[in-house]
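Asker: Positions annotated as domain 'Glycerol-3-phosphate dehydrogenase NAD-dependent N-terminal' by TrEMBL: 4-172. The NAD(+) binding site annotation in TrEMBL covers ALA153. According to TrEMBL, the domain 'Glycerol-3-phosphate dehydrogenase NAD-dependent C-terminal' annotation covers 193-243. The active site, proton acceptor feature in TrEMBL is assigned to LYS204.
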Amino acid sequence: MKQVVVLGCGAWSTAIAKVIADNVASSNEFCSKIAMYVRGETHNDRNLVDYINNDHINPVYLPCITIPTNVVANSNIKEVVSDADIIVVAYPSRYVQWLIKQMNGHVKENAYFVSFCKGLVLYSEENRVKLVSDMIREQTGKSCVVVSGATTAIEIAEQQFTEVTIGAKNYDHGSEVKRLLQTNYLRMVITQDDVGVELCGGIKHVVAIAAGICDGLKLGDNTKSAVLRIGFWEMSELMKELFPDRAPTWIVHITYVQSIKMDVFG
């Protein structure tokens, strides 16, 4: 059976760990325990690892949710990833490169990554941006599936119905991630357009900010609708400019239309 680990201890990673732990508890495909990398952080003079493993809560980032007992927190990232077959990364994008350096040389040969990271990585010395998944692939030599959509951690943890998109060039990996994550309240849609899925998650907030400015200026719905339409078009054009050989397909609209609608209309 395959071992799944989650890297991160924020609200998003905690919610994902809860979903996975509930799913694998009675699985014949995945190991029933989930290892969770938690950096050395304390709360009220207690280590966060201690809270998760003994009290089964994350008092800092998701205090109102009970974490399943089959989630085992560990602050040693090398121990966490050494036996992992599927490595779920739910970390702020600006810290992923540091994270990779900590685990390099300790990842199994056939392991692959699943990125829930939002945003892009800026390489100022090269004057270009890079997808988090591309950085993971280049620096680890492993495959990387991406997951994005209109989501908030607390609603997933509370089991409110949510739909997300899986972007996977390797369809077998994408299907496996779907089996790992999908529940009666979390619906997964698979596409091979991993670039479109990830870029939408990274740049949709710019359009949402523009819509917010419309509200601040007390402009009407017609104006906001025009801003959103132009924003969608500009997102597609930017994707083509940044990745001309990996142009996104229409299906990514599932990802960014839902996400922007949630950001704009709440």
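Just so you know, glycine gets a Cβ as well, placed from its N, Cα and C.
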Asker: Over the span of the domain 'Glycerol-3-phosphate dehydrogenase NAD-dependent N-terminal' (4-172), how high is the average pLDDT in this prediction?
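Answerer: Result for the domain 'Glycerol-3-phosphate dehydrogenase NAD-dependent N-terminal' (4-172): average pLDDT 94.
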Asker: Any same-chain residues 6+ apart from ALA153 (NAD(+) binding site) with CB under 8 Å of its CB? Would you list them in sequence order, or say none?
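Answerer: Set apart from ALA153 (NAD(+) binding site) by at least 6 residues yet with Cβ under 8 Å, we have GLY10, ALA11, TRP12, THR14, ALA15, LEU62.
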Asker: Summarise the domain 'Glycerol-3-phosphate dehydrogenase NAD-dependent C-terminal' (193-243) as counts of helix, strand and coil residues per DSSP.
Answerer: 45 helix, 0 strand, 6 coil
Asker: Using a 10 Å cut-off, grab the number of neighbouring Cβ atoms around the Cβ of LYS204 (active site, proton acceptor), all chains included.
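Answerer: Taking every protein chain into account, the count is 26.
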